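Now, the feature entries from TrEMBL:
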BINDING   LYS123  ATP binding site
COMPBIAS  1-23  compositional bias 'Basic and acidic residues'
COMPBIAS  26-43  compositional bias 'Polar residues'
COMPBIAS  57-66  compositional bias 'Basic residues'
DOMAIN    90-348  domain 'Protein kinase'
DOMAIN    391-426  domain 'EF-hand'
DOMAIN    427-462  domain 'EF-hand'
DOMAIN    463-496  domain 'EF-hand'
DOMAIN    497-532  domain 'EF-hand'
REGION    1-67  region 'Disordered'
Amino acid sequence: MKIVREEDKTGKEQESKSTEKAAEMTQRQQSKSHPQRLNSKPSQLAGFNKEGSKTGNKTRKAHNVKRQSCAGLQVGSVLQTKTGHLKEYYNLGRKLGQGQFGTTFLCIEKGTGKEYACKSIAKRKLTTTEDVDDVKREIQIMHHLAGHPNVISIKGSYEDNMAVHVVMELCAGGELFDRIVKRGHYSERKAAEIARIIVAVVEACHSMGVMHRDLKPENFLFVNNEEDSPLKAIDFGLSIFFKPGDILNDVVGSPYYVAPEVLRKHYGPEADVWSAGVITYILLSGVPPFWGETEQEIFNEVLNGELDFSSDPWPNISESAKDLVTKMLDRDTKRRIKAHEVLRHPWVQVDGVAPDKPLDSVVLSRMKQFSAMDKLKKMALRVIAQRLSEEEIAGLKEMFKMIDTDNSGQITYDELKEGLKRFGANLAESEFRALMQAADINNSGTIDYEEFVTATLHLNKIEREDNLLAAFSYFDRDSSGYITLDELQKACQEFGIQDIHLDEIMREVDQDNDGRIDYNEFVAMMQEGNPKLGKKEFSFSLALQSLRIITRKIEFPYL
């Protein structure tokens, strides 16, 4: 079996291959050779244009001419938020990889010496407005998924006249693909562990309104070379935001992993579960479940082929593993198992134990976390939310629009209740009411866009010292280095917050009982109860010298 290695890691640069002929092909003859173990990578789907229509040679040539005619597109600003220059903050090191659209370098943060990966996307290669939109969306989705332990974290994005630079976590342990090739296949226990990680990423994406659309072993990297290294999902170049019920028809992905409904141009998030099922099959056996000598034959097998559970090593694999793979690779999308159901399947349970209760959706868990905070912390988070870039909050904007069904710019109680139910929430009426009351900071009876972003921010934003300083400076009106009771009162008035016992807040936060809140006390309050955030000591005066903080009101666009 010859599979073309894919060198490009951005996921979106390659065109798709026609499936209309594939759907007409007969099944692969039994006399054909047995699929060989993976030893090289499949190409992206080729032969489809962006709309998913078939492209013959003449059309392909015209398409190329069209793209060349767009080569003169003058790409202005790609990022919606102005940034500094990359080289102000990082030193570039050796080249780590090369793709059609960009190059990935090692980069070292000047202030800390910490190593990151930097993907630099050349503007001259963004020849259409769609290319520009793809880059924007990829950055937005990375910010949107930030904080998940198995999604590569984005450090920041920068732009100059020549390129857009995306700085992200450095994963030096290589691809899952390469480890599969080296091993042949995994033990059931290890395969279940990896499958659980992959499906947890899928579940998190879907609960946040994101479809990955290009899940494959090449798009999962190990952080280091250790056997138990953390595994991270990468490459969101084909990922999109979606709403429940959306049906897509553009054909994207990679041949072995693409779902049959994608080839039929009528699909939803269930396609990600199929791709995860293909990866699980490969983890257990070392070969793809649907194989052919050519891409056309692969597509025909995806559409019509039967799962092989008779060849080695399947006779020695548990019935539970086969049951899950069968359910993930069910061609009927209504019957196909959902991502959250996969995580409760006996085969992927940790030590054979299922979670005590269904996992909360990301939106629900963040709103619950927010509701437990005191008023001062909620106000501080709102200040932080106001200063985040458009790229950082674009995903939350999509989720707000998903819940605000009448497009009024305000989420009512009924809309919140129905929206959370769509995300899988099963709460009592009193619990829905409590979440509504907590998020409605100004007691208007509805949740506006700014309040929603504040209530659903990932708490990793609190780790950033520039955000903490900006929030502290908002309350410290006279720049004395302390927040007084009068300053808290003024902030409450600006936020429209009443019936708040400021004396109690002051007593709780003011650890040295001097009647005011200094920066370290403020930071301790912000980080109290936050998972994975260690207590930090900061020098407020030194911090202000090193960071020029300008606290300003940022309008939250609702489009």
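Just so it is clear, glycine is given a Cβ too, placed from its N, Cα and C backbone atoms.
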Specify the secondary structure state of the residue listed as 'ATP binding site' as given by DSSP, simplified to three classes. helix
Cβ under 8 Å, sequence separation of at least 6 from the ends of the domain 'EF-hand' (391-426): give me the contacting residues as numbers and ranges. 79-81, 136-137, 139-141, 143-146, 157, 207-210, 241, 243-244, 340, 358, 360-364, 367, 385, 432-433, 435-436, 439, 444-449, 452-453, 456-457, 556-559
Cβ neighbour count (10 Å, all chains) around LYS123 (ATP binding site) is 21
Long-range CB partners for the domain 'EF-hand' (427-462) (under 8 A, at least six residues beyond its ends), listed in sequence order, are 146-147, 363-364, 366-371, 378-379, 381-382, 384-386, 388, 393, 396-397, 399-400, 403, 409-413, 416-417, 420, 468, 495-498, 526-527, 530-531, 533, 556, 558
Apart from its near flanks, which chain residues at least 6 from the ends of the domain 'EF-hand' (497-532) lie with a Cβ under 8 angstroms of it? 372-377, 379-380, 441-443, 459, 462, 468-469, 471-472, 475, 481-485, 488-489, 538, 540, 543
